[in-house]
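These come from Swiss-Prot:
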type	residues	note
BINDING	His596, His600, Cys700, His704	Zn(2+) binding site
Amino acid sequence: MEITHDYKVKLFEEMNFERKQCSECKQWFWTLDKERITCGDSPCDKYSFIGNPITTKKYTYNEMVKEFTNFFDERGHSPVKRSPVIAKRWRDDILLTIASIAVFQPWVTNGLVKPVKNPLVITQPCIRLNDIDNVGRTGRHLTCFTMGAHHAFNSKDEYKYWTDKTVELCFELMQKLGIDGHTITFIESWWEGGGNAGPCYEVITHGVELATLVFMQYKKVGNNYEEIPLKIVDTGYGIERFAWASQGTPTVYEALFSDIIEKLKKNANIPIVDEKIMAESATLAGLMDIENVGDLKALRQKVAEKIGMDVNELDRLISPLEYIYAISDHTRCLSFMFGDGIVPSNVKEGYLARLVLRKTLRYMEKVGISYSIKEIILMQLESMKEVYPELIGMKDYIMDVLDSEEKKYIQTVNKGRGIVERMTKLKSEITLNDLINLYDSNGLPPEIVKDIIDEINKTSKTKISIHVPDNFYTIVAERHEEEKAEEVAILKHELPELDLPKTELLFFKNTMQSEFEAKVLKIVDKYIILDRTVFYAEGGGQKYDIGQISGVDVVDVQKKNGIVFHKVLDISKFKEGNLVKGELNFENRLKLMRNHTATHVINAALKQVLGKHVWQTGSNVDTEKGRLDVTHYERISRKEIKEIEKIANEIVLLGKPVTCKFMDRNDAEQEYGFKIYQGGVVPGDTLRIVEIDGIDVEACGGTHVTNTSEIGYIKVLKTERIQDGVERLEYSTGMGSIFEIAALEDILLDSAEVLGVPIENLPKTAKRFFEEWKEQKKVIEELQKKVGELLKYELLEKFEKVGNLEILVEKVSGTSNELMAIADNLATNGKIVILMNDTDYILCKKGENVEISMKELIQKIGKGGGKENLAQGKYSTSKEQIREKAFELLKQ
């Protein structure tokens, strides 16, 4: 469809705004200023608010949040609480919250769920890392910013307001703040994102964009647009930019973090920089797109020319202050990331948090700050507690995770030199891909890699080239920021799309029902579809029910689009339209119910012991055991496991009621928060809420016991680290736990019998045997060393001459390590050693002044690989044949 839009609104007509075309960028805009010829936005106009505040009073960040919210609240917009900066809590297509509208996607914007309020106002903290390398340097860029927004959702049945009122509210807010209306321009523009599109206004004053007013009304399909039934007012006001413009500080950082910046400058002994220099830098940066320039040298050069200073001197002067600015921004970003429960890891949102953290630590090292990062983040938490008290409530976790991550960072840096040195032996240039791989795989920041290379180059004849681009972290962040949350395949098999009504799920009404009658609606391959069922279809981590339908075994149950597919052993027994009787294997169902409710109980216990940051990333509920994967920054200790078990079993003994109810999605989120999505994102406007009274609440479609006392004893069988930042617990319940404990007891009794001691003496006896074994191992190693020395002299006599070289081919007794030790002693100048043992192991080692490659040699006489001077592998021929092949190669 052809898109046309009239950008004229009621306000423009009533106040005699004029529509003009910018003399520089040629965009159309609306203004009250009859003399204006440019659109007002940078680079067509430069910042004119620096040193010249544009509002009647100066606003701090906290004050601006309140002012914005109160303004729209007084004008009929219901305030809505912010959502976490982890968008994965309610959607699976993005990791971080990048805009206020992201809070309402996809459910509200797609018309599947009604908005919690309409119209509404929200001040939503957002994180975007695509400009992370510009932060601190341009004066305006932030990784973490707050998008103030008023949203209205217009449908056929409920119309709120559209373009006229949206523009009117924006203009009224700016005038209330004291901004001169003649300085405000409304640039006509177009917005697209997340598959939606619509016309918009960019609202500009004094060279800076303060708001964007989007009218979302189209869906983009290929190169075309289709109208959507829900017309959405999607506005975005830059809260930080409003505060900055109201204060007129040289950069946005002084407006947000002035107290923290002063403390950091004093701590690091940063020399005083003339505010005019920073103001000039920010003003010129506003006229440039740093990424298009390529790096920051062009900006530096322009500032230096403007103020009449040598560019190198300027760089030396302001770089430390720019690091301070970046540290201030990054620590606020980390406060939200960790405060909202992100666990650092090497994947997804955990990777992004670690990237920001390690970049911050590196900057702190560069500028010489003696504060710990914990102290700086505490400053941030204190400064924000008035508007975000929930963040300081996570202080204990934040401090613990910072301790853990700082230790890991130090270990990474300490290992770094060896990793880089090994790489330089193989190549003469460290490329961008090398730097990214070193960062992704080893956690090595590029600056540290460069420092190591610079040191190596001082003493090495061969110089290694390296270039670290100014936008390195931006490149890395963009690669990871768009990672999608993993899609979990619900179906084991590819099931067909059927035009049938959804199957009535009887277990939602009564989980204890085991028999039912139903009508066969459809037969597909080995599956039958009924109008109703008590069989639970596999999903949500829980295994399917088993049983019989009309005496035929049900061996698999799956669901697609609300239709349940029952796989039976003999499909010939069924006909479409027939009535059938189904019977559940209730003992099997009961085991699944116990284990599923136990999953919720253990999850609650984990939060009590480890902290509120714990978040379920996966689960598997089977009849014999359950499995739960959760986020945590360290391995779970034995002490913590005991405490988790203790709390879980206390919950069982308390006999807490377990209730299941259906709730409106908005009501559930308002009452319980996003913690209900522990089991994953749940579609639809109605949620089934499973609540263990006073213990746990989750949106869950599984089958559960009615009281925790029905679970029986819970036993955690083992834990493992399945990936960085994710712990897996395996557990059993009821009789399953009894059997597991009995099996462990048998192991203890058998071990005690072998050692001839009572069970209570096992630890002490095992320790004594271990110490004795270590001593005996030392004695054996000494004897082996002496035998090796004797063997060395015996083998020296067996070397054979081939040209200028000497070669030894011999089969000896010993392990691979023992053969390696012998070869180390024998492979001296001009000698080649080939040793093999009885386990088909073979090694080739050479001394100095031997040109032939051992890697090439081993591939001729056996199978294996290695390096120029040493190769190992397997052999399958006789010693004599190996000798012949080796001699043949050496004679060539």
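Here the Cβ of each residue, glycine as well, is placed from N, Cα and C on the backbone.
Applying an 8 A CB threshold to same-chain residues 6+ apart, the list for Cys700 (Zn(2+) binding site) reads Gly540, His596, His600, Gly679, Arg688, Ile689, Val690. Listed in chain order, the residues near the Zn(2+) site other than His596, His600, Cys700, His704 are Thr597, Thr599, Val658, Val690, Glu698, Gly702, Thr703, each with its Cβ within 8 Å of the site Cβ centroid. Sequence-distant contacts (6 or more apart, same chain, Cβ under 8 Å) of His704 (Zn(2+) binding site) comprise Thr511, Met593, His596, Thr597, His600, Val658, Cys660, Val690. Summarising the environment of His600 (Zn(2+) binding site), the number of other Cβ atoms within 10 Å of its Cβ, over all protein chains shown, is 28. A coil conformation is recorded for Cys700 (Zn(2+) binding site) in the three-state DSSP classification, outside any helix or strand. Other Cβ atoms within 10 Å of the Cβ of His596 (Zn(2+) binding site), summed over all protein chains shown, number 27.
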